[in-house]
Amino acid sequence: MELGNQTINTEFILIGFSQNFQICYFLFVVFFFIYILTMLWNGFLICTVIISPQLHTPMYYFLCNLSFLDLCYSSCTVPKLLFDVLSKERRISVIMCLTQMEIGLILGGIECILLAVMAYDRYIAICYPLYYTVIMSWRLCRHITIISWFGSIIFSSFPTIVQPLVFCKENQLNHFFCEILLLLEVACGDVSFYKITISAIGFFTLLAPPVFIVGSYIGIIISILKIHSSQGRSKAFSTCASHLTVVMMFFGTSMTMYIGQSRSFSPYLKYVSLVYMVITPVLNPLIYSLRNKDVKEAFKKILTR
């Protein structure tokens, strides 16, 4: 097909990380090990929350949702990455590339909202424990889940529905998956609509949630400092520290990728993508399970059975 004097691309070539076979073999082993751990840790955490009655609370409900998102997030990119690492022809069709991009954007948007909700959940649990079951009702939890999923799907799909992308420039992508910012550089025509839309969506998903999270934790810290028991303060700080670790890793790398990227897409940013696409999904359940007494006790009960 031709658009004027330009040929429309029907597939892309993902350059990845290296063409050296020894390095590729090493990367395959590393990514495969990380992916297996991601599946095992998140799957086991989901099963633990489901079959443990003592974990049937809003906090672990959202944690279970986070693990499910991490399973989907990792599966969206890592299997294709593993195949490409040992393949000479790292091709992907435009349709599959756009699908991978959309799924990544949708799951990323949901996770941003979910992390903010988890911060609010901790704020209510620590600052208003007597009203926790009233405020964080199961009805509210279900509504938040539905709104976050449908909201992220609508906002992430809106640009491609209004103005579908057509690619007629270079078909080689210096990345390991289909990143929206990189795709805009090889798209035909004016992409200013996409850049404006991405900036607007980025404000609500990458700037507003961290501000909300910081506000929640300021209230949490003030409340913790009022606790007379040193053991109580230690337990509260430990619970909050695990969540903040995830928040800083996810939002820090995502902001580096999407905030202020008016310049050309840097090839080094694909290493930043590794953190929130590959590393964070395997660390989330590890951080929560090791630093959470209730989860560790539930683990032990399941293992002793």
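Even glycines carry a Cβ here, placed using N, Cα and C.
These come from TrEMBL:
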- 23-53: transmembrane segment (TRANSMEM)
- 41-288: domain 'G-protein coupled receptors family 1 profile' (DOMAIN)
- 103-126: transmembrane segment (TRANSMEM)
- 146-167: transmembrane segment (TRANSMEM)
- 200-225: transmembrane segment (TRANSMEM)
- 237-259: transmembrane segment (TRANSMEM)
- 271-290: transmembrane segment (TRANSMEM)
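If you look at the transmembrane segment (237-259), the same-chain residues 6 or more away from its ends with a CB under 8 A from one of its CBs are 108, 111-112, 115, 118-119, 122, 126, 179, 181, 198, 202, 206-207, 209-210, 213, 217, 220-221, 224, 269, 272-273, 275-276, 279-280, 283-284, 287-288, 291-292. With Cβ pairs under 8 Å as the measure, the transmembrane segment (103-126) is packed most heavily against 200-225, out of 23-53, 146-167, 200-225, 271-290. Mean per-residue pLDDT, taken over the domain 'G-protein coupled receptors family 1 profile' (41-288), amounts to 84.
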